[in-house]
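Heads up, the thing below is written out as structure tokens.
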Amino acid sequence: MHVKKYLLKCLHRLQKGPGYTYKELLVWYCDNTNTHGPKRIIREGPKKKAMWFLITLLFASLVCWQWGVFIKTYLSWEVSVSLSMGFKAMDFPAVTICNASPFRYSKVRHLLKDLDELMEAVLARILAPESSQANATAAMNLSMWNYTPLVLIDERDPHHPVVLDLFANDPTGSASSSPGPRGACNAQGCKVAMRLCSLNGTSCTFRNFSSATQAVTEWYALQATNIFSQVPQRELVELGYSAERLILACLFGAEPCSYRNFTSIFYPDYGNCYVFNWGMTEKALPSANPGTEFGLKLILDIGQEDYVPFLASTAGVRLMLHEQRSYPFIREEGVDAMSGTETSIGVLVDKLQRKGEPYSPCTVNGSDVPVQNLYGSYNTTYSIQACLHSCFQTQMIASCQCGHYLYPLPRGQEYCNSRDFPDWAPCYLALRMSEAERETCIRMCKESCNDTQYKMTISMADWPSEASEDWIFHVLSQERDQSTNVTLSRKGVVKLNIYFQEFNYRTIEESAANNIVWLLSNLGGQFGFWMGGSVLCLIEFAEIIIDFVWITIIKLVALAKGLRQRQAQARYAGPPPTVAELVEAHTNFGFQPDVGHRSPDAEAYPDEQALPIPGTPPPNYDSLRLQPLDVVESDSEGDAV
């Protein structure tokens with residue numbers, strides 16, 4: 001009951017409002033606020049009132065402008081970077097090594113036979129066009145040539161370039177005049193390009209190169225990709241270099257190791273790659289001390305005599321240092337070690353800690369990245385390279401209806417090949433050169449919030465020396481082939497030393513440059529400096545704003561009620577009837593004579609007199625009219641307040 005009465009009083013209080021006019025409320029605020037300035041506006045003379053009004057308005061505007069600047073700075077989510085140094089024993093990084101040649105030529109020769117013959121003919125046409133013009137091409141398989149041929153572009157006349165097909169007798173071009181003889185087209189006047197045409201030949205584009213070496217290398221790699229994409233991966237593994245053949249000697253610190261301590265993965269660019277200390281099934285190995293003697297030492301046999309001649313133009317190994325349980329993107333982040341040398345790699349560790357949203361667009365584990373991670377089957381941690389490759393493969397499948405051989409496939413998709421997807425090569429090259437598609441993937445992918453980078457200092461020296469070359473190769477050949485004959489040479493071996501330069505590591509950490517404490521401090525400082533205000537002054541200002549809105553709502557409600565009442569009164573001509581008139585209007589008319597409807601027998605009684613109707617006039621009920629509810633409540637409200 002008390003709660004109901006209290007709520008009813010609150011409702012009446014809301015209906016009545018503050019009880020002030022706008023002017024009275026404003027004067028009350030200026031007289032009672034703790035903010036400097038408004039009191040002088042109402043207490044001084046006319047001139048000083050105007051002066052203090054302008055000063056107060058100026059400083060209030062200045063405070064609002066400063067507040068806007070600080071809030072905008074805070075919402076820009078700027079970060080500050082701190083660098084700290086630490087010293088502790090650290091886990092040795094994972095080391096991935098790959099041979100520069102993905103396959104052994106002796107095992108893939110049958111797959112590349114047609115391509116190699118075509119490549120030799122192409123080189124002959126480019127290097128000696130006159131002597132090779134008469135060579136027959138009927139014996140060669142030109143099916144792969146028809147999809148993406150190499151052409152010569154004669155640019156001696158810049159306004160009328162001529163396109164010359166290497167295996168066609170008649171040149172085709174944009175010039176109306178006949179071009180000069182093929183022999184006259186030298187390296188300065190002609191450029192080798194790759195012609196990319198759709199299946200029906202309606203649209204063609206040319207991929208130009210500044211050197212014929214670049215042109216034939218990329219063309220051969222594109223055709224080799226088309227061939228290897230049709231071979232199952234388990235067979236491709238057998239075509240590459242085995243760990244037992246590649247790794248001749250291994251030593252980690254003072255403990256010997258072997259190829260059995262490496263985990264094998266297949267990387268399409270480099271074939272079989274091997275990871276040391278990956279940490280997938282075993283605990284990461286720690287490094288006892290910095291220095292060469294406490295690192296990883298490897299002697300590798302790259303087997304350069306069995307390289308694919310047109311596919312691998314670099315002799316050596318490709319290696320990469322990375323975190324445990326992370327996938328090695330060795331093509332993008334690896335370094336090369338040259339054969340016939342001892343390569344020493346000193347390692348420094350940088351740990352990156354990004355702040356995260358909204359300060360830095362990073363992700364903890366990739367769960368908030370809208371790209372399917374195609375490397376999830378390897379059970380590795382998230383990386384931006386995995387996201388970029390997965391994004392490109394998704395775009396490749398959407399645009400070309402097939403996936404590229406270099407990247408993992410989503411379930412239910414197929415790798416591209418010219419037999420099933422004749423248009424895949426032009427589609428792939430157009431997608432790879434599309435800046436819009438690259439920007440799309442960059443926007444969708446995020447950096448990892450916590451990352452470890454290994455900075456390498458690389459030095460090289462000839463190995464072995466001429467004085468020790470004979471006995472070292474004898475020992476290594478004996479250990480590998482159990483033969484007294486020397487089967488190794490300087491051009492086929494690589495020695496690696498990987499070690500920590502020092503146990504000092506750097507931590508690069510992001511922190512918020514402007515936090516909420518900074519924002520409140522600056523907002524309060526500006527308000528207090530220019531107007532002598534505080535948080536309570538803001539509450540006072542909010543109170544008067546609420547009262548202004550309250551009064552405005554009450555006035556609008558009263559105005560709406562008045563309009564409805566005037567509309568209702570307009571229906572009647574006179575004033576509204578009183579209670580007595582309403583009661584008299586409902587008097588029983590049964591005792592009144594029926595003057596309008598006289599009986600036909602009325603003339604039979606001419607002397608009949610109309611008798612008076614007895615009755616008592618009704619009381620004056622206007623004197624008992626109740627007062628309006630708001631009048632009664634206003635009296636009681638005064639007592640309550």
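Keep in mind that glycine also has a Cβ here, set from the backbone N, Cα and C atoms.
The compositional bias 'Acidic residues' annotation in Swiss-Prot covers 632-641.
C98 (disulfide bond) carries a strand DSSP state (E or B). Non-local contacts of C98 (disulfide bond) by the CB criterion (under 8 A, 6+ apart in sequence, same chain) comprise Y267, Y270, G271, N272, C273, Y274, V317, R318, L319, I330, G334. Per Swiss-Prot, the feature disulfide bond maps to C98-C273 (among others); the stated evidence is similarity to another entry.
A simple way to gauge crowding: the CB of C190 (disulfide bond) has 22 other CB atoms within 10 angstroms, across all the protein chains here. Here Swiss-Prot flags C185-C190 (among others) as disulfide bond.
Within its own chain, C204 (disulfide bond) has R195, L196, C197, S198 as residues 6 or more apart in sequence whose C-beta sits under 8 angstroms from its own. The disulfide bond annotation in Swiss-Prot covers C197-C204 (among others) and is backed by similarity to another entry.
The disulfide bond feature in Swiss-Prot is assigned to C250-C257 (among others). Residues within less than 8 Å, Cβ to Cβ, of C250 (disulfide bond) and separated from it by at least 6 positions along the same chain comprise P256, C257, S258, Y259, N261, L296, K297, L298, I299. Annotation note: C250 (disulfide bond) sits in a strand segment as assigned by DSSP.
Cβ neighbours within 10 Å of C362 (disulfide bond), excluding its own Cβ and spanning all shown chains: 20. Per Swiss-Prot, the feature disulfide bond maps to C362-C449 (among others).
A sphere of 10 angstroms centred on the C-beta of C445 (disulfide bond) encloses 23 other C-beta atoms. Feature annotation from Swiss-Prot assigns disulfide bond to C387-C445 (among others); the stated evidence is similarity to another entry.
Residues or ranges marked as disulfide bond in Swiss-Prot (evidence: similarity to another entry): C391-C441 (among others). Within 10 Å of the C-beta atom of C441 (disulfide bond) sit 18 other C-beta atoms, taking all shown protein chains into account. Look at C441 (disulfide bond): DSSP puts it in a helix.
Within the same chain, residues at least six positions away from C427 (disulfide bond) with a Cβ under 8 Å of its Cβ are M396, S399, C400. Sequence annotations record features per position, and here Swiss-Prot assigns disulfide bond to C400-C427 (among others) based on similarity to another entry.
In the shown protein chains, 25 other C-beta atoms lie within 10 A of the C-beta of C416 (disulfide bond). Taken from Swiss-Prot, the feature disulfide bond applies to C402-C416 (among others), supported by similarity to another entry.
Summarising the annotation, Swiss-Prot assigns N-linked glycosylation site to N141 (among others).
Look at Swiss-Prot and you will find N261 (among others) tagged as N-linked glycosylation site. N261 (N-linked glycosylation site) counts 18 other C-beta atoms within 10 Å of its own C-beta, drawing on all protein chains shown.
Non-local contacts of N379 (N-linked glycosylation site) by the CB criterion (under 8 A, 6+ apart in sequence, same chain) comprise M280, R325. Per Swiss-Prot, N-linked glycosylation site is recorded for N379 (among others), and the stated evidence type is sequence analysis.
According to Swiss-Prot, the feature motif 'PY motif' maps to 617-621, an assignment based on similarity to another entry.
The topological domain 'Extracellular' (72-533) scores a mean pLDDT of 86 in the predicted structure. Summarising the annotation, Swiss-Prot assigns topological domain 'Extracellular' to 72-533 and lists similarity to another entry as the type of evidence.
Sequence-distant contacts of the transmembrane segment (51-71) (same chain, at least 6 residues past either end, Cβ-Cβ under 8 Å): 37-38, 40-41, 44, 519, 522-523, 526-527, 530-531. Annotation source Swiss-Prot lists transmembrane segment at 51-71 (among others), citing sequence analysis.
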Local Cβ density at C402 (disulfide bond) - other Cβ atoms counted within 10 Å: 21
Listed disulfide-bonded residues (C197, C257, C273, C391), ranked by Cβ neighbours within 10 Å, top entry: C273
Other CB atoms within 10 A, centred on C400 (disulfide bond): 19
Per-residue Cβ crowding (10 Å cut-off), top of disulfide-bonded residues C387, C449: C387
Spatial neighbour of C387 (disulfide bond) that is closest, considering only the disulfide-bonded residues C190, C362, C416 and their CA atoms: C362
Neighbours of C391 (disulfide bond) among the disulfide-bonded residues C190, C402, C416 (Cα to Cα, within 10 Å): none
10 Å Cα neighbourhood of C362 (disulfide bond): matching disulfide-bonded residues from C402, C416, C441: none
